[in-house]
């Protein structure tokens with residue numbers, strides 16, 4: 001057998017045997033395995049033959065990848081400048097501009113090298129993170145069930161498939177109940193197909209119902225999915241981030257093009273300038289105006305941010321999900337496990353018994369029999385844990401068949417034989433589902449609902465238990481009449497940090513809505529305990545097939561937008577809630593864990609698979625949590641906003657620099673016919689690139705509200721700040737070249753109306769002035785308040801100091817004839833630093849003015865909150881948090897907007913007294929709104945004239 005085995009497996013490898021269609025016994029024979037699975041040694045040997053169970057990744061050439069960083073619109077402009085330097089500049093009696101050509105190529109290589117190294121590091125980090133999300137499979141090895149990476153599966157392995165699993169390899173099903181399999185990803189079939197014992201299932205399809213064991217028949221590239229993947233290449237969609245990047249790049253390129261056209265028209269036909277100096281001036285605009293490092297800075301910032309998120313317990317599967325997370329303003333959160341601990345307890349004293357001759361202990365035993373003893377969920381563990389010995393759940397009986405939980409039936413069931421050989425069946429699950437089974441439903445329905453409501457008022461979930469005899473003795477038979485025997489109360493305590501996290505979320509402008517499958521009263525009680533509000537609706541009344549007539553005339557979208565949560569939610573309702581919130585222009589996040597949550601997770605702007613989610617939910621999500629609880633999501637929101645803030649800061653900076661270089665040097669060239677050496681612009685660009693890379697690790701204050709790309713804000717701020725810097729350079733040039741101001745005030749050597757040779761010193765002075773103030777601009781764009789108040793990252797400061805020290809040394813000492821500059825000495829260097837410092841201060845005021853003009857709120861930062869004029873730490877933080885909370889509750893219709901209460905008050909003392917009373921009333925109202933059931937609902941009632949309490953009471957599930 002040992003000699004024959006490799007040959008047989010070789011036949012399987014070459015697909016000479018049709019394992020998909022031959023009888024199942026022959027499958028075992030051909031794969032040389034049994035239903036007891038493989039040994040670890042045999043599996044290792046087969047791994048060497050068949051390879052890993054994953055698709056071959058196309059390895060890109062590292063050289064081509066490196067050169068790829070030089071192939072984008074921004075690099076094309078630089079490459080055009082390099083060609084200009086040796087082709088077009090070769091005239092006017094002068095040789096080609098080799099130093100500029102070499103400088104441009106050096107800049108491109110430096111930029112590509114940084115991009116290559118950073119992206120390689122980010123790629124390695126991303127690969128390590130994605131490895132944590134690698135699909136797992138339950139496999140029988142050495143006679144024991146183990147959880148292994150799906151990548152190590154081999155033909156002949158016995159695997160277990162259950163609800164929510166993505167099937168890890170092509171397999172044939174063994175004995176058991178039929179499965180419902182969703183093959184839409186492979187075949188396009190919209191409805192799940194039923195697969196029974198002996199049928200084949202494909203890798204990549206999803207188990208929608210049932211549980212069964214299967215034998216693996218093909219892995220990796222030999223699977224149906226693997227062969228299909230070889231035929232088609234995945235298409236890369238252009239994401240929103242890429243569109244923004246393109247828009248900013250195009251703006252910079254167009255600005256340069258406009259500047260060059262104006263220069264060409266004025267210099268040659270009007271001023272009749274010499275050919276070669278004109279080309280040099282055009283090169284200055286081309287080289288200095290292009291933000292060559294922009295793609296690198298932004299992608300590296302996102303990659304580093306993604307790694308930071310992973311450390312916090314949120315793994316991003318799609319990089320651009322970070323920008324969506326930063327803009328998220330509504331989060332629909334599961335209750336169980338996210339807002340609560342998902343650690344259930346049962347109070348035996350509260351158990352209600354509905355059958356004669358049955359006591360509370362018997363109800364617990366029957367519920368335990370309808371539970372798993374292995375691979376338990378939270379409910380199974382809580383119920384089996386109530387027994388003195390967990391083995392009692394199967395003591396004295398023989399298990400015939402177990403029906404696992406699924407979202408449709410919402411119950412589990414066990415068919416078993418007792419010691420006398422009689423067959424029985426016991427089921428536990430959602431009370432409504434169990435009640436529907438009962439033969440005497442009409443007799444007990446009122447009492448059952450009364451008990452459920454009594455439990456719900458105390459925040460307790462209910463679990464129904466029913467029992468039947470199966471006289472036919474077959475597991476397939478319907479059995480005798482079901483007897484409803486009892487209701488168990490389940491308590492799932494809220495997480496200790498949930499209430500505080502919800503308060504933080506509201507202060508950050510994120511409205512948290514509870515989405516729960518539990519009944520309305522439980523949702524309201526949990527909402528009350530967490531301080532998130534009790535303005536909740538039964539989702540079936542709003543979104544179900546049979547919407548209630550009394551609220552059908554009401555604006556459903558508006559009710560959904562203003563609701564604090566939804567109860568009795570089915571997976572299809574989640575999808576509808578997300579869709580309607582998006583229609584109201586909200587950036588919506590949705591948490592989920594089950595296979596049926598996948599459509600809602602895909603539809604949401606940010607699909608969040610919670611800790612312990614099924615493979616299907618993880619596959620559909622954008623972010624996968626590795627820790628439980630809402631606090632992970634809110635931390636991820638803050639981190640995402642910080643990442644987004646860094647990217648936004650850089651884009652404003654990049655646009656500003658383009659405008660300042662193009663406008664500043666164009667005016668110098670056209671007004672005073674000053675030819676700035678292109679090589680020195682290259683030096684500025686190289687030093688800038690080195691410094692600006694550190695922005696990806698800068699210390700920033702996240703936006704206090706959801707943020708998104710606002711191109712109008714970026715371009716307006718960039719144009720105004722860039723225009724200001726350009727004018728400062730023009731004024732400096734005029735003062736140094738046309739007046740005696742600096743020599744008179746500071747005692748430095750004069751540059752006034754100097755000879756042409758001394759343009760070299762003027763070039764050095766302009767170089768230093770442009771270099772310092774251009775790079776210092778990053779400190780203005782990175783801060784929301786005064787730039788000298790918000791402490792920047794250590795790396796950014798060090799990089800700035802080193803770069804400007806180098807720039808100062810070049811300006812002071814360099815006598816480079818090839819670059820047409822001459823050292824200006826320490827006196828002029830000091831003058832330039834002072835000049836830049838004086839004209840740096842108005843940059844913050846201009847920033848506030850732009851923000852005020854765009855939003856009308858910027859002066860709040862300076863005057864109302866006074867954060868710029870105090871040395872106190874966190875001055876006014878509490879008041880600001882309350883203001884944000886107030887603004888958000890007003891936005892979502894949860895309190896009446898501000899009105900001018902004191903318009904008629906004329907007496908100053910009276911006004912003060914009124915103000916104090918109003919403050920006290922406002923604080924009482926705020927606390928009441930946060931902590932009482934009535935406070936949350938009354939504003940909606942007032943605004944809409946709706947009797948919301950009546951609506952809610954009429955639809956208690």
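Cβ coordinates come from backbone N, Cα and C, glycine included.
Database features (Swiss-Prot):
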- 334: active site, 4-aspartylphosphate intermediate (ACT_SITE)
- 593, 597: Mg(2+) binding site (BINDING)
- 1-66: topological domain 'Cytoplasmic' (TOPO_DOM)
- 87-98: topological domain 'Extracellular' (TOPO_DOM)
- 120-248: topological domain 'Cytoplasmic' (TOPO_DOM)
- 270-279: topological domain 'Extracellular' (TOPO_DOM)
- 302-648: topological domain 'Cytoplasmic' (TOPO_DOM)
- 671-675: topological domain 'Extracellular' (TOPO_DOM)
- 699-714: topological domain 'Cytoplasmic' (TOPO_DOM)
- 736-760: topological domain 'Extracellular' (TOPO_DOM)
- 782-793: topological domain 'Cytoplasmic' (TOPO_DOM)
- 815-823: topological domain 'Extracellular' (TOPO_DOM)
- 845-957: topological domain 'Cytoplasmic' (TOPO_DOM)
- 67-86: transmembrane segment (TRANSMEM)
- 99-119: transmembrane segment (TRANSMEM)
- 249-269: transmembrane segment (TRANSMEM)
- 280-301: transmembrane segment (TRANSMEM)
- 649-670: transmembrane segment (TRANSMEM)
- 676-698: transmembrane segment (TRANSMEM)
- 715-735: transmembrane segment (TRANSMEM)
- 761-781: transmembrane segment (TRANSMEM)
- 794-814: transmembrane segment (TRANSMEM)
- 824-844: transmembrane segment (TRANSMEM)
Within 10 Å, the Cβ with the most other Cβ atoms among the recorded positions 334, 593, 597 is that of 597
Stretch contact, the transmembrane segment (649-670) with the transmembrane segment (249-269), Cβ-Cβ under 8 Å, 3+ pairs = yes
Report the listed stretch (99-119, 676-698, 794-814, 824-844) having the maximum count of Cβ pairs within less than 8 Å of the transmembrane segment (280-301).
-> 676-698
The transmembrane segment (715-735) versus listed stretches 67-86, 99-119, 794-814, 824-844: most Cβ pairs under 8 Å = 824-844
Mapped DSSP class for residue 334 (active site, 4-aspartylphosphate intermediate), helix or strand or coil | strand
Go through 67-86, 249-269, 824-844 and flag the stretch with the largest number of C-beta pairs under 8 Å relative to the transmembrane segment (794-814).
-> 824-844
What is the average pLDDT across the topological domain 'Cytoplasmic' (845-957)?
-> 50
Do the transmembrane segment (676-698) and the transmembrane segment (761-781) come close, with at least three CB pairs under 8 A (pairs 6 or more apart in sequence)?
-> yes
Using DSSP, how many residues of the topological domain 'Extracellular' (815-823) fall into helix, strand and coil, respectively?
-> 0 helix, 2 strand, 7 coil
Please check if the transmembrane segment (99-119) comes into contact with the transmembrane segment (67-86), where contact means 3 or more CB pairs closer than 8 Å and the residues in each pair are separated by 6 or more positions.
-> yes
Same-chain residues at least 6 beyond the ends of the transmembrane segment (249-269) with a Cβ under 8 Å from one of its Cβ atoms are 73-74, 77, 278, 281-282, 285-286, 289-291, 294, 654-655, 658-659, 662-663, 666, 669-670, 715
Reduced DSSP assignment, residue 593 (Mg(2+) binding site) = coil
